[in-house]
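As recorded in Swiss-Prot:
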type: ACT_SITE; residues: 743; note: active site, proton donor
type: BINDING; residues: 784; note: divalent metal cation 2 binding site
type: COMPBIAS; residues: 1-19; note: compositional bias 'Low complexity'
type: COMPBIAS; residues: 31-45; note: compositional bias 'Low complexity'
type: COMPBIAS; residues: 46-59; note: compositional bias 'Polar residues'
type: COMPBIAS; residues: 75-84; note: compositional bias 'Low complexity'
type: COMPBIAS; residues: 96-107; note: compositional bias 'Polar residues'
type: COMPBIAS; residues: 131-153; note: compositional bias 'Low complexity'
type: COMPBIAS; residues: 1036-1047; note: compositional bias 'Basic and acidic residues'
type: COMPBIAS; residues: 1090-1100; note: compositional bias 'Basic and acidic residues'
type: COMPBIAS; residues: 1109-1127; note: compositional bias 'Low complexity'
type: COMPBIAS; residues: 1133-1143; note: compositional bias 'Basic residues'
type: MOD_RES; residues: 1140; note: cysteine methyl ester
type: REGION; residues: 1-167; note: region 'Disordered'
type: REGION; residues: 1031-1060; note: region 'Disordered'
type: REGION; residues: 1090-1143; note: region 'Disordered'
C-alpha cells in the first residue's frame, strides 16, 4: 500500500526521494532526528503513523543519513559525497543526540514516494510516529551508522583531552607571528576535514536569527510574485483528482484523535489565506464526511458588516487554483442577518438544517444553476480570541450514507473551527502586513518619482495617478488643479514668501461659499482611464466645469476641504442640489474624492477616484491609502510649482541683475575724465602716514588717491590691469556705496589707506605676496559695499531678505556678493588678466578678508592669533597662519579711526554715534523694542564711556599684539592710547554733568550752558572764591542727617537740572571763556554760596590747605578768598581738580 499524499505547512522544506514513475514505492532511510522536535518546528520532520502497521514516514530537510541510497531525482546527498559533507552530517547527529535517550535518538525516519502522476510540490500530512526502524534499512547498515557516529564523538573527546594549554598557546603564538604562513597552509595543505570542522565552528559562533514568522516566511513571501506563490510547494493544494481518494483512504485508517491533531497541524502554520481556507474546507470534509463546503469571511465597517465568499462549493477533488478562480469571478456578498450564513454571522449561533428546501432561509438559486441538490446544511461561526465574528464555515450533505449531521459532527466541526479561527486571524494579519508592505513600497516609489519629476508637472501627476489606480484597483483617476494665478507677477513672490502664522490661522468669517468657489476655480484637469489608456490633460472652461457632475463634486471638495466617499452618486447629487449630467452618472457607481493641499494647508487641487474594479464601494482602508497619495501628490505638485516659479524668478533675477549692473557701473564720461586726470604723488595725499584724513579731499581726489595706491604697489603693471578698467572699477565701487553717515565711500577709503600704510610704512608687505596685496586692497575698498546703516543683528531681528539669504555674517556676505557683481559687470573686471588659479586665489583672499570685518569672526580668530604670537611665531607663510594675519589686519584697518588724531577721532565718533542712533530709532519704530545703550539716542551722554569700553575690549588688545609682533605699526597703538585718555577724560566730565554730543565738535563740551544764550542776563554777580567749601561753615544747622535733596551745592547747580538754571550757566560759560582769553568780564559775577557751597564729593578727606589755580581763574579765586566766611576748607577730589583745570 502506497503512502498517502496531503498538504503540510513544512512540505517546502522536504526533499522527494522517489523511484521511477509507475514503480513500486520503496521507503528510503533518512537522517535520524527527534520526533518531538519534528512536531513543534515548521522546518523539522513530521512523521506519520500509517494505520496498524505503524510505519514511520518522515523527512529531514537537506539530505539523508550516512549510507542511505537516494532514489532517482532525489535532492539528498549520496553516501559517496566528500568527507567534509560527511562530517557536517555527523556533527548534526551529534547535536541532535545530546541529552536524549539512545532509543529516542535512533528513531528512524523515512519518506515514501508519491504515486505516479502526483505533483512533486504536493504537501504531505504527518502525525507523530513510534520509534521503529524503516524496513528498507538493514541491521548491518544501522549498526555501521551508529559506530561511525560513536567513533566521531570519541575522536573529538580524545582531542579535547590530549591538547594541553601549552600546546594551544604555542599554536596561537605561531598563528599570531606568521599569519601569512597559516593562511597559505589553509589554502594549500589543509585537509578537507579540518576545513569542514573550521567552518562548523564559525557557523556555530554566529548569532542565530530570532525564530519569527516575519524573519523567514515574510521575507520569502515578499520576494516571490503572486504567480510564484501560487505555484510554491507550500501553497499548492491543487493536486490531481486521482490522488485525493488515495489520501482520503489513508487518513481513514487513522483513529479520530490522531486524524484531528494531524489536521490541526496542517493549518497551524499556514499564512496564505487562500490556501488556509482551502485546507480548512478539505479537512472539515475529512472529519465530518461532508460532500462540499464554503467559507465566508467578514468584511465592512462596524455599522455595515457583510460576508464575502472566500471559497465556495469546495469538494475533496476541487483544486485550489480552480476554487480561487471561481470565487474571484463570481463574488458572493451576504449582509449580516440575510440567509443562513448571514443569520449565523449575526447571532453567532450554529445552524444545523436537516432538510434545506424546507427552511425559508435557504436560497435554491445556486442548486438550480449547478444542478446539485442540497439536503443537509451545517453552518457555524468562526470567531477570534475576543469572540468577534471573522467568518462563517458551511458544509453540505454527508457522504457516508447519513442524511444529516449529528451531534458528533457538530462537536468535531466546532472544535476544529476553534483552531481555524486562530489560523484565519493570523493569516489575515499576515495578509494585512503584506498589503501594507506593498503599499509602503508603492509610496516609496511615488516619493522617488516626485523627486525625479520636479521639472514637469504633467509627468508628475500622470505618475501619481498611475500608481494610485494600480494600488486601489479603480477604473479611472482624475486630478483637478486650482487656479493659483501663476501668471501674476505678485504670485512669484508669494510662492517663496515666508508664511505669516497669524495670517494662516485667521479665518475670514465673511467669506461665503460662492466666494470660496470663485477662488478655487479649476484650470487644469488630468484624467487617466483604463490600463492601456494614456493620460489626458485639458483646460476646461467654466461652462464645461459647471455642466460636469464630477467637476461639481471636485468643486465641493475644494471649497469645503472635506473628503467624500460616495457609494450612490445619484443620491449624493440630489442631496447636495447639484446639476446632474446623465452621461457621467449612469456609468459612475462609486467616487472617492479628496483635497490636495500644499505646505500652508491651502487647497491646490482635488484628486478623484472613480469606480472600483470589482464594483464594490471604496472602503475606509482605500480612503486612508488615498490620503497618503493625496499628501504625496500635494508635495509633488507644490514642489513642481515651486520649481517652475523658481525658474521664472531666476529669469527675473537675471533681468534685474542686468539692469542693476548697468546702473551700478560708472558712466563712460566719468571714466574718461578720471583716466585723463593727473594723479599726484602719494606724499601729497599723505598716504604713507597713519594720521591720514580725508576731510580736505573732494570726491574726485579720493578716487585719484585710490589709483595712486594701486600704482605705488605696482599692481597695475604686475597684473596687467587696463587703466581704464581700473578707473571704471574704482568709480563703480564709489557709486555702490550708500550715502549713510559713516559706512560710506569715505570710510572705505580710510580703511584702504590704513592697509596701504601698514603694507608700506608698517613694512607688512614683506609677509605678503603681490596677489595677496591686490586682494587685500580690493577687500578694503569693497568691505562695506551697499551698507544700509544697520548691523547684522538688526537684519536678523527684522527678518530682512538679507538675513534669510545669509544666516551668519549677513552684511559681510552681502558686501562680498556686491563686490563680485561689480567685478562681473562689463568693463569692471580688474582680474581679467589673471590665470584661473590666480583668479581663484585672489577671490578667496577677498572673500576671507571681507568676512573678517565681522567682529564675531574677529573674536573667533583672535585667540588662535594670540596663541601664535605668544609662541614666538615668525613664519606667516602657512595658509592658515596667513589667513589669521590677514583677518587681524583687516580688523585693525576697519577700526583704525580710533587711532587717528583727536581732532579727527571725535568727529568720526560723532558720525558713528549718529548712524547708531538712527538704527536705534528704527528699532523703536519698527520692532517696538528698547535698543542697546550705544544705539539709544536718549543715552547719548554715555558715549565716551562706551568708547573707552570699545577701545579696551577690541582695539587695544589687537593693536598691542600687532605692535609687539610688527613694531613698525606702533603709531596705531600709540594713537589709540592717546584717544583713550581723551575719551576717559570726557567720560569723567559727563559724570559731573557735562555733555558734548549735540555739538559737531568737542571744542565746547559744556554745551548745555549755551541753551539760553540769547537772553540778556543782568545784575548777576559771580565771584569764584573756591570750588570746595566746608558744608558746616555755611550751614551750621545742617549735618549728615540732612536729606540730600535739601542740601545746596555746586554739583547740583552744574547739572542740566540744577538750581542754577540754563541762563546762569550760559552766562557763566561766556564769562569763563572770556576770562581765559584775557579779556575783562562784562559783568561782575558773584557766585552765591548757597549754590556752590556743597562739596561734590561728601566723602572727600578734609585738609587745611587751600587749592591753587593757575591763570586768570587762579587770580579770580585768590582775589575772592577774603569774602569767604572763614569756614574750614576741604581737599578737592580728583574730579573737582579736573573741573578747575578746565575752568
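Here the Cβ of each residue, glycine as well, is placed from N, Cα and C on the backbone.
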Looking only at Cβ atoms, how many others are within 10 Å of the one on residue 784 (divalent metal cation 2 binding site)?
25
Count the Cβ atoms, other than its own, that fall within 10 Å of the Cβ of residue 743 (active site, proton donor), considering every protein chain shown.
24
Cα-Cα distance linking residue 743 (active site, proton donor) and residue 784 (divalent metal cation 2 binding site), given in Å to the nearest integer:
7
Using DSSP with the three-state reduction, classify residue 743 (active site, proton donor) as helix, strand or coil.
coil
